[in-house]
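Pulled these features from Swiss-Prot for this protein:
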- 51-80: domain '4Fe-4S ferredoxin-type 1' (DOMAIN)
- Cys60, Cys63, Cys66, Cys109: [4Fe-4S] cluster 1 binding site (BINDING)
- Cys70, Cys99, Cys102, Cys105: [4Fe-4S] cluster 2 binding site (BINDING)
- 90-119: domain '4Fe-4S ferredoxin-type 2' (DOMAIN)
Amino acid sequence: MINYLKSFFLYEIVRGMALTLKYFFKPKVTINYPYEKSPVSPRFKGEHALRRYENGEERCIACKLCEAICPAQAIVIEADERDDGSRRTTRYDIDMTKCIYCGLCQEACPVDAIVEGPNFEFASLTHTALIYDKERLLQNGDRWEQALASKLHKDYEYR
């Protein structure tokens, strides 16, 4: 008898409409993605970048720790020795299709040369566009330097 009365008075529909009205006046949770962007954590791991010192010299000392620790073997480094005895990279390639964005390369780097920046919009139509060479990585570092420096500063006490 109770089920008959519930179905007669459309109890389920009224209950559903009440639930809809309850959430109708609350603030939105979703965002309009291409036009609005959600805040990104300081520990977010996005597009890779190579950093430079303030004088413009690249930070990478060609120790190859990032290449050795990369579980996906996405990093390839070739280096030569300079006239002053220091080593610098001649080739620094990252295959972004292999990268699993674990951040181990960033953690292994003793001079904070390779970092994962805040950019997450780097889709491409071709595979070759996702193989980053040294120049592209340095351009990313130059473009995101202020964001990268503040990100590293915020995370410094936890490293």
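Glycine is no exception: its Cβ is also placed from the backbone N, Cα and C atoms.
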Tell me which residues of the chain lie with their Cβ under 8 angstroms from that of Cys102 ([4Fe-4S] cluster 2 binding site), as long as they are six or more apart in sequence?
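In sequence order, Lys45, Pro71 meet the Cβ cut-off.
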For Cys66 ([4Fe-4S] cluster 1 binding site), write down the residues of its own chain that are at least 6 apart in sequence and whose Cβ falls under 8 Å from its Cβ; none is a fine answer.
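Long-range Cβ contacts: Ile75, Ile77, Leu104, Cys105, Gln106, Ala108, Cys109, Ile114.
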Which of these binding-site residues has the least crowded Cβ, counting other Cβ atoms within 10 Å: Cys60, Cys70, Cys105?
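If we count Cβ atoms within 10 Å for the binding-site residues Cys60, Cys70, Cys105, the smallest count is at Cys70.
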In the same chain, which residues outside the set Cys70, Cys99, Cys102, Cys105 have their CB within 8 A of the centroid of the CB atoms that define the [4Fe-4S] cluster 2 site?
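Surrounding the site, in chain order, are Cys66, Ile69, Pro71, Ala72, Ala74, Ile75, Ile100, Tyr101, Gly103, Leu104.
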Express the distance between the Cα positions of Cys60 ([4Fe-4S] cluster 1 binding site) and Cys99 ([4Fe-4S] cluster 2 binding site) as a whole number of Å.
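Cys99 ([4Fe-4S] cluster 2 binding site) has its Cα 19 Å from the Cα of Cys60 ([4Fe-4S] cluster 1 binding site).
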In which DSSP state, out of helix, strand and coil, do we find Cys109 ([4Fe-4S] cluster 1 binding site)?
coil
Give the nonlocal contacts of the domain '4Fe-4S ferredoxin-type 1' (51-80) in its own chain as ranges (CB under 8 Å, at least six residues past its ends).
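Result: 86-96, 98-100, 102, 104-115, 138, 141-142, 145, 148.
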Per 10 Å Cβ neighbour count, which of the binding-site residues Cys63, Cys109 ranks highest?
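Selected residue: Cys109.
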How about long-range neighbours of the domain '4Fe-4S ferredoxin-type 2' (90-119): same chain, 6 or more residues beyond its ends, C-beta under 8 Å?
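Residues 40, 44-51, 58-61, 63, 65-66, 68-80, 127, 130-134, 137, 140-141, 144, 147-148, 151-152, 159 contact the domain '4Fe-4S ferredoxin-type 2' (90-119) from elsewhere in the chain.
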For a quick check of packing: other C-beta atoms within 10 Å of the C-beta of Cys99 ([4Fe-4S] cluster 2 binding site), how many?
21
Pull the DSSP breakdown for the domain '4Fe-4S ferredoxin-type 1' (51-80) and write it out as helix, strand, coil residue counts.
5 helix, 8 strand, 17 coil
